[in-house]
Amino acid sequence: MQALESMTVLLPWLLIHHLSALTPGHTSKCVLQNDFEPGLMANGDYVIGGIFPLHYNQEMPDLNCTYKPGPVKCNGFDPRAFRWALTMKLAVEEINKRADLLPNYSLGYTIFDSCAYPLTGQRSAVAVLNGPHGENSPMCEGAGPLLAIIGESGSAQSIVVSRILRPFGIPMISYFSSCACLSDRQEFPTFFRVIPSDAYQVKAIAKLLLHFKWTWVGVVRGDHEYGRFALQGLLKELEGTGICVAYQEMIPLLYERQRALEIIRVMNHSTARVVVVFSAEGELTPFLRDYMEQNVTGIQWIASEAWVTASVFTGSEYYPFLGGTIGFGIRQGQIPGLRQYLTTVNPEKYPSNPLVHELWGALYGCSPSSSSLNNHLPSCTGKETLRVQHSAYFNTSSPRISYNVYKGVYAIAYSLHNLIHCTPGKGPFSNSTCANLRSVYPWQLQQYLQEVSFTISGETVKFDMKGDSIPSYDLINWQRGSAGNIEFVNVGMFDGAQESGQELVIQEKAIIWPGHQTEQVLVSVCSNSCAPGFRKAVRRGQPLCCFDCVPCDSDSVECMACSEDYWSNADGTVCIPKVVEFLSHDAMGLTLTVIALVGACLTLAVFAVFLYYRNTPVVRINNSELSFFILLSLTLCFLCALVFIGEPTSWSCMLRHTAFSITFSLCISCILGKTLVVLAAFTATRPGNNIMKWLGPTQQRIIIFCCTLVQVIICTAWLVASPPFPYRNTKYTQSKIILDCSVGSDLAFWCVLGYIGLLACVCFFLAFLARKLPGNFNEAKYITFSMLIFCAVWLAFVPAYVSSPGKFTTAVEIFAILASSFGLLFCLFTPKVYIILIKPQKNTKQHLMGKDK
């Protein structure tokens, strides 16, 4: 490869050596030994070159070295490429008429035919360097008027031409070469293009395959750098996407029908029904003819931008085989006056131009009377109709490649305009100088070309440091036109400047698939997805996309797992919704709700009794205010159990734990205050003991407030640091989703319970000390018993809470709340209510103090 590159770089020098010789008078002057005239040319102050594939086939001369070989002949005139050349001519003439662009200067051009092959492309490159008859060649004299070249079409040709131009530093703007290899500034330092690099095209194709879930595809490419680099880029983009390439085939550069038939057999017998083709229309044309002869159908073609808008394939005979083709094409633009300009090109206006005569033969199938060519064609009468296969020559409603040529010419014009209007002392060259306008070198123009930025037809044109333009494509679908021919319909776009995931936009309803289908997207997979209950078993020696589906079992790997909200049935064949379980208003929930409401009502009833008999001794004997506080807090304890019933939410999760902890802390704090009063009251009867003055009503309130405040502070810190939240537990059991409240912070939860337990233990200890004090109504005994029940309930709660599954965890917590609340209510207030309502004769101070006889 390195040797080949070296030969390519040395080629212009070798050609000059062989193409030039000294005149008989031995004067030092360059003389061309072979003449290769341009197809179109015009003089100007500054000249740009153009290389276009005006023919798509070549005929090699006899290489018998006993005589001088003739030149390579170009056959098969291409009206489409001739339209590109005329677009360049139109753009130059437009620029020369403008007063705001290159005023007082004119552009000239020389346009050569590359014949669509690298070999004849080399000849065109050397010819455009030499100029007409070798005059003003940069290889023979100074700077020369040739500043830049518009070309080439194919990437293989552009690689050759760019290497030839490299020693002379002549910039080249390609309108149709998309190979990613041309972005290498080390190897192609003077190459620019107004078509996106294939690095973006393969990204677009990969996203297209993913979008339609085509995971099993074939790839066919041409035998050139364009096809090779495009294939490499596509394979790289497909890594890790789950898309596999079934086969990779190459169309020979020198077409061989036998090899083509082998490729067609591979395509026909493969299970991959989607084929990506990276090829130019030149080598693809004979291949598709053989493809149609074999009557192969049912393939979804993915076309590269090199042939997705090729007019040569628009004939009605192609539709049964290529209809539904989809691919990314060059963005279309607008060229004002192009169609009218094309109609002015005729043999009468250009009687001596052989290309115009060939155009007439291709368009109308006749030979102009003034032409020496196409003698096998009948003479033109002026009444001939336009040939259908070349009708696209005049179709300028949505130019694509022609628009690229147009942009390329204007890029050179704007760059040259900026060069000419350089401000002295502020130039980009050494010592801030500007270019000498009498001798402008191509490398000086390239400096401005690299930085040029202008707007044309609403589009901003500029180049990055690699010489690439802004990447964007139209998504093209081949559909049947009204006349039965193929029409290129825009069904989406790819914009590489957009954010990841938003580059590809597809109008799926506008797409026509192979077989005239509007909604049925062709399926191309090596193996169908495994049904639920089965797993993939990769086939030995085949890509990962090819697998067998075997039933899932205990030792299975990579079985299709049901989503989090589903689980498999007993047979492992269907994912069914999991039951969402929480303590709702079912039988258990309703039972607990009724019990909680009964407890609250009983507590309120006791409160009403105490309020009614508030002036009797049994109510007043031990701080009736504390009794009312205890009854109110017990009511809240019963009611807070209701918050635990129903579907957990963020608010209910936070409320249920904090309300429970604060109300119980308030209740136990009141009982603690009452216990201290009982203990102090009997201790104060001893001589010299005045402890009661330290436990008056105010002090009791302070004790209750402080004890409750500690719990409030703990709950506040809990809610701020790590509050409780709804939690979907899918791990405990496969068939259910347990919806419950996570405590958020286990430490805070156990601190809350621990503090309540601490208050209960202190209260129990003090009540236990006062249990044997005198009096018929020693409340300390009942407090002791109530605290014993309270502690027993909550000690039993801990293991039951930890081990209970699902909604029973919440039920256990509610049961503990209700059981301890009922225990406190019955132990503390049943004896008093009994005396008030059943034994009112004992509701006297004497009896309660144990002094009655």
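Cβ atoms are placed via backbone N, Cα and C, with glycine included.
If you look up TrEMBL, you'll see 588-852 marked as domain 'G-protein coupled receptors family 3 profile'. The signal peptide annotation in TrEMBL covers 1-21. The feature transmembrane segment is assigned by TrEMBL to 587-613, 625-646, 658-682, 702-721, 747-770, 782-802, 814-837.
Non-local neighbours of the transmembrane segment (702-721) in the same chain are 626, 629, 654, 657-658, 661-662, 665-666, 668-670, 672-673, 676, 744-745, 748-749, 751-752, 755-756, 759; each lies 6+ residues outside the stretch with a CB under 8 Å from one of its CB atoms. Panel annotation: around the transmembrane segment (625-646), residues 582-585, 589, 592-593, 596-597, 599-600, 603-604, 606-607, 610-611, 619, 652, 655-656, 659-660, 663-664, 666-667, 670-671, 673-674, 677, 697, 700, 704, 810, 813-814, 817-818, 820-821, 824-825, 828-829 of the same chain, lying at least six beyond its termini, place a Cβ under 8 Å from a Cβ of the stretch. For the transmembrane segment (814-837), same-chain residues at least 6 beyond its ends with a Cβ under 8 Å from one of its own Cβ atoms are 583, 592, 595-596, 599, 602-603, 606, 609-610, 613, 616, 618-619, 627, 630-631, 634, 637-638, 640-641, 644-645, 660, 664, 667, 671, 777, 779, 782-783, 785-786, 789-790, 793-794, 796-797, 800-801, 843. Panel annotation: around the transmembrane segment (782-802), residues 668, 671, 674-675, 678, 753, 756-757, 760-761, 763-764, 767-768, 771, 809, 812-813, 816, 819-820, 823-824, 827-828, 831 of the same chain, lying at least six beyond its termini, place a Cβ under 8 Å from a Cβ of the stretch.
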